[in-house]
Amino acid sequence: MKTILEKIDKNQNNTDIIREAGRILKEGGLVAFPTETVYGLGADALNEDAAKKIYAAKGRPSDNPLIIHITNMKALEKIVSEVPEKAVKVAEKYWPGPLTMIFNKSDIVPYGTTGGLDTVAVRMPVDAIAREVIDAGGGYIAAPSANTSGRPSPTTAQHVAEDLTGRVDMIVDGGAVEIGVESTILDMTVEPPMILRPGAITKEMFEEVIGEVTIDRTLIRPDSRQVPKAPGMKYRHYAPKADLTIIEGPLEKVTAEINKRAKEKSRAGYKVGIIGTEETVAEYKAGDVKCIGTRADESTIAANLFGILREFDDDQVDYIYSESFDTAGIGSAIMNRLLKAAGHHIEKLV
Ligand code: AMP
Ligand code: MG
């Protein structure tokens, strides 16, 4: 398959590109496009054959359901059997935005899109290009992250091209995304509603609007024998090729420990990567040191996380040592993704 790569200039009229993307989607093809969270791999969510192509292109397990992207509340009513009152309140506050809600599905949503489930995940993105592509494609676009299954989610069109060239019809290049980690998933089919994946919208932000919200226990204690409620969360995601270890503790001790380990591994002939922050990078003496952002604003860390994991793959490092981050705000999403990338290998210094 030939993949068309089209760059969108936000200051220009891009009608032709959007129209072409819409035509491909309506004909059952695949179009990757930017959203505010990560790049999505889009297909017509109501066309089972089109949705199935997503699984093939990504190498995604068929029991891992897709999120349907819409641009307005009318569209929501068509694909769910009921919109709970609390969902209306949450939507009023946080849609459009980096939030996915789970509902009971209506009959028009094929099981090929929901991985065989009677529930459906729905998101209304705020990104202007995403919205134009969704509308042009018919208004119901299934769009998981546009990476090969198991690789870090793509935050630039180059990441998408690395993974999916020859496997999709079109990639719309809208530049780097804003947030960099996937949407928060909130299950509205249970009472109280439950967070199945942390993201930019936090537990506290939901509780301001609808009162008590719980968090899937498997996100907090991954070693528990329970299976995560979002099927995709059970897979080892975001895994870099290197062995990644997170070192947690007082910052001076962490930098000293990482320096010690980097030195040992380098001496033994291995290539070592280090994930530091603006506050600490100057402390690191050896290895391939990358600055992930500033602790003063963790949204910078979220924005760089997946890109840095991909860079370490390109640099072919053998071991990566990362600092740990605060779990307030977007930090819970950062640590969730980082822990998954590390296969939950975290060491705590006291
Ligand atoms: P991605 O689009 O690649 O960010 O992955 C979508 C995530 O949403 C995966 O973790 C899925 O398991 C989860 N998901 C999608 N639909 C449902 C659903 N009906 N119930 C629970 N989780 C879902
Ligand atoms: Mg994904």
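Think of each number as a place in line: the chain as shown, counted from 1.
Note: Cβ is positioned from N, Cα and C throughout, glycine not excepted.
Of the listed candidates (His69, His159), TrEMBL assigns His69 to the same L-threonine site as Thr37, Arg123, Ala143, Ser183.
DSSP assigns Ser145 (ATP binding site) to a strand segment in the three-state reduction. Annotation: Ser153 carries the greatest number of neighbouring Cβ atoms among the binding-site residues Thr119, Ser153 [cut-off 10 Å, Cβ to Cβ]. Close to Thr37 (L-threonine binding site) in the fold, though at least 6 residues off in sequence, lie Pro98, Pro125, Val177, Ile179, Gly180, Val181, Glu182, Ser183, Gly199, Ala200, each with a CB less than 8 Å from its CB. For the domain 'YrdC-like' (15-201), the mean pLDDT of the prediction comes to 97. The 6 Å Cβ screen around ligand 2 retains Ser145 from the binding-site residues Arg60, Asn64, Ser145, Arg197, ordered by sequence position. Within 8 Å of the Cβ centroid of the L-threonine site, not counting the listed residues Thr37, His69, Arg123, Ala143, Ser183, the chain contributes Thr35, Gly40, Ile67, Pro98, Thr100, Pro125, Ala130, Glu182.
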